[in-house]
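Student: If you scroll down you'll find the structure; I have some questions about it.
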């Protein structure tokens with residue numbers, strides 16, 4: 001089994017639950033038949049075949065050097081992803097799969113992917129066509145923003161906020177590939193999540209990812225901010241990872257980002273604060289009185305975004321740092337207006353007198 005599946009025997013148990021392909025089933029049957037007909041052990045049969053480990057490791061190491069020479073960040077990691085994708089093995093078990101011959105067609109695929117990564121500086125996620133976010137697989141395609149690891153912090157905060165809320169209604173503004181919406185919906189099974197995006201291509205991809213992950217409690221709508229939403233419907237949480245890179249910073253981005261990812265998902269071509277202002281201005285109308293607003297922010301934007309939120313009747317609850325120690329998420333709560341305090345006090349007085 002391990003030989004046919006291109007895995008070390010130690011790693012075989014990891015793949016027990018996956019279904020065998022017809023080619024794999026046929027190959028196993030052929031080996032079993034040959035063992036019986038020739039009265040040989042499998043090790044004897046395998047001994048007749050060449051071990052390609054040294055040759056394959058040489059190809060792998062040359063691939064790493066090729067990416068490194070062309071200035072690609074994380075060349076070892078990218079090479080591991082490329083080899084794993086082409087050889088159809090888990091990245092964590094790749095080293096156990098190097099003894100089998102790599103077919104010429106697979107070598108060609110690896111070369112093509114390496115060239116795209118090194119010479120064209122195409123993002124690895126677009127080359128692979130899939131990427132993992134919050135432990136879930138997501139299809140990736142050009143024209144839709146690639147989800148970053150730091151955005152998982154925003155997801156974690158949303159889950160914590162809504163964990164004790166009964167059947168929470170959540171709105172994700174600028175949902176892109178659906179990463180935030182789907183990850184939150186997957187963790188909060190009783191929730192109802194709506195993702196909105198102005199990009200038609202992003203909406204289509206998000207729906208594909210919803211189907212891929214078999215998530216039922218999430219829907220996606222093509223809408224420019226709140227444009228197509230029902231004003232009478234109120235949410236427990238509004239979350240957004242808006243385009244927050246300033247125009248000046250955008251010009252300094254790596255070619256992988258600047259030349260491939262959608263500009264309007266990265267920058268407002270201004271100071272990076274435009275969408276915080278637009279969302280904060282209207283969010284209160286779509287939130288319940290106990291509702292929350294959660295933003296991903298740039299490393300230097302906590303002070304400015306805090307002021308924007310406070311100017312729009314939100315109270316800052318927390319600012320959360322990312323894995324690098326930078327401010328990355330800001331959580332705010334809809335503040336109760338002064339007239340509402342008076343109403344509450346009057347009601348409390350009545351109740352107390354009773």
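Count begins at 1; order follows the chain as displayed.
Backbone N, Cα and C define each Cβ position, glycine as well.
It should be emphasised that the depicted structure is a prediction, and the values quoted were computed from it without experimental measurement.
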Student: Swiss-Prot has 174, 175, 176, 177, 178, 197 binding S-adenosyl-L-methionine. Which one of 186, 217, 219, 241 is in the same site?
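Tutor: As annotated by Swiss-Prot, 174, 175, 176, 177, 178, 197 share the S-adenosyl-L-methionine site with 241, chosen from 186, 217, 219, 241.
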Student: Counting only other Cβ atoms and using a 10 Å cut-off, which of the binding-site residues 174, 176, 178 scores lowest?
Tutor: 174
Student: Tally every other Cβ atom lying within 10 Å of the Cβ atom of residue 244 (substrate binding site).
Tutor: 23
Student: Provide the number of Cβ atoms within 10 Å of the Cβ of residue 241 (S-adenosyl-L-methionine binding site), excluding the reference atom itself.
Tutor: 27
Student: Cβ within 8 Å of the substrate site centroid (241, 242, 243, 244 excluded): which residues?
Tutor: 174, 240, 245, 265, 266, 268, 272, 275, 276, 295, 296
Student: For the recorded S-adenosyl-L-methionine site formed by 174, 175, 176, 177, 178, 197, 241, which further same-chain residues have Cβ atoms within 8 Å of the site's Cβ center?
Tutor: 144, 145, 172, 179, 180, 181, 195, 202, 206, 265
Student: State the count of C-beta atoms found within 10 angstroms of the C-beta of residue 197 (S-adenosyl-L-methionine binding site), not counting that atom itself.
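Tutor: Result for residue 197 (S-adenosyl-L-methionine binding site): 26 other Cβ atoms within 10 Å.
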